[in-house]
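This is the structure I have questions about; it appears just below.
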Amino acid sequence: MTSQPWTAPVAPGAVDATVRLPGSKSMTNRALILAALADGPSTLAAPLRSRDTELMAGALRALGAGVAEDGAGWRVVPGELRGPASVDVGLAGTVMRFLPPVAALAAGDVAIDGDPYARRRPMGPIIAALRALGTGVDDEGRGALPFTVRGRGAVEGGVVTIDASGSSQLISGLLLAAPRFAKGVEVRHEGPPVPSAPHLEMTVRMLREAGAAVETGHDVWRVAPGPVAGRTWDIEPDLSNAAQFLAAALVTGGRVTVPGWPPDTTQPGDALRGLLARMGADVEASGGALTVRGTGAFRGLDADLHEVGELTPVLAALCALADGPSRLTGIAHLRGHETDRLAALVTELNGLGGDVRELPDGLEIRPRPLHGGTFRTYDDHRMVMAGAVLGLAVDGVQVENPATVGKTLPDFTTMWAAMLAAPAARRG
Ligand SMILES: O=C(O)C1=C[C@@H](OP(=O)(O)O)[C@@H](O)[C@H](O)C1
Ligand SMILES: C=C(OP(=O)(O)O)C(=O)O
């Protein structure tokens, strides 16, 4: 779906807002997988409703699970997994990496495809791993989408070695389905470091919460075969989607509070507390909420974002408005995200007059006065959010195809307008 360009609003003054965020994409899609593999029904309370999670729900339904509306949540009733089925993964990394190992457990063929750029995202290691664990995959030699998983109703499992330097999701996908493999799984990683450690911790923690036995070591993860418990999953607010709202406090010298900030979380967005403080924000956690205050002036950032790569687009936009230069490193794998995010950020920030250089593993950003213009978004929700942050301070930023935020935050532009319309902003 393509929408009309959106003129990102200039902040009318210092923001002063409380922003309630919908559920975490990463937790919702893990909970859906575990619920579909469980030995009884589960409930997801406050899940994210967005393109990525609806695609996951649709994929699991196609394989035989019951995923039904339950008030604001979802009720999942596991069913016998079977093909033939066709699954659309859209551009969702979580669906394209978490679903194929579940498809391997189905009796019958499962054809899997997605958006055009999905065919360019790293999938080879998971295809090879499924074969090594005893499941046929017909990919016509592509090592990428589209492909068909030849499910036989059971997966032998065992030990497999992959290079997961392109995406942590390649490991998470194998681990999430592994309690249902006859021998469980031992996944070993060989290659450059695996990104997104917090997301791997999230996988391990949620598997354990569902009763699975998981052991971890250096670049090795083991899941024993065993039952997955049906349960209630309370989905935390999506902290990565807090980034753009909290950034608005720095850009405008205002205050943004996010209620329901979990005190102990595996979400990478929790790193925003430290990262924004390093840029000069006053960050306060109290009463279960996180509040960020800015003065309107803030420093550049020199940070390795390897573990929290999905925060990069919004942080890069913030860095382009900072008082000094920034270096964001450890993020070569972002070339395989929704788009090549390093190239996209260089092109679009420089298109507004910025001075951004691509490094082998990141970005170097030197702030310069920016001007309005088209900010292309490449079907990447976080590029829309980055454009919104720039628009707070730069008149005439035309964000292309804002509806692409539907991937994880369908109400984004409405929430953004509400934040800017909060009382203090109108006075400012
Ligand atoms: O497991 C997950 O839920 C995710 C893992 C990360 O992927 P990569 O390791 O590919 O960066 C992250 O960027 C993505 O948004 C969500
Ligand atoms: C990388 C991201 O998404 P995906 O789950 O599609 O990998 C992201 O949300 O920033």
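Glycine is treated like the rest: Cβ placed from N, Cα and C.
In case it's useful when we look at the structure, here is the feature table from TrEMBL:
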{"type": "ACT_SITE", "residues": "E310", "note": "active site, proton acceptor"}
{"type": "BINDING", "residues": "K25, S26, R30, S167, S168, Q169, S196, E310, H337", "note": "3-phosphoshikimate binding site"}
{"type": "BINDING", "residues": "K25, G93, R121, Q169, R341, R382, K407", "note": "phosphoenolpyruvate binding site"}
{"type": "DOMAIN", "residues": "12-414", "note": "domain 'Enolpyruvate transferase'"}
Could you give the Cα-Cα distance between R341 (phosphoenolpyruvate binding site) and E310 (active site, proton acceptor), in whole Å?
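Rounded to a whole number, the Cα-Cα distance is 10 Å.
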Out of R30, S196, H337, point to the one nearest Q169 (phosphoenolpyruvate binding site) in space (Cα versus Cα); all of them are binding-site residues in the record.
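The answer is S196.
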Among the binding-site residues listed here, Q169, S196, which has the most company in the form of other Cβ atoms within 10 Å of its Cβ?
Q169
State the count of C-beta atoms found within 10 angstroms of the C-beta of R121 (phosphoenolpyruvate binding site), not counting that atom itself.
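R121 (phosphoenolpyruvate binding site) is surrounded by 24 other Cβ atoms within 10 Å.
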Compare the C-alpha of E310 (active site, proton acceptor) with the C-alpha of each of the binding-site residues R121, S168, S196, K407, and give the closest one.
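Spatially nearest to E310 (active site, proton acceptor) by Cα position is S196.
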When you measure from the Cβ of G93 (phosphoenolpyruvate binding site), how many other Cβ atoms are you left with inside 10 Å?
28
Quick one: of the recorded positions E310, R341, R382, K407, flag those whose CB is under 6 Å from ligand 2, and say none if nothing qualifies.
E310, R382
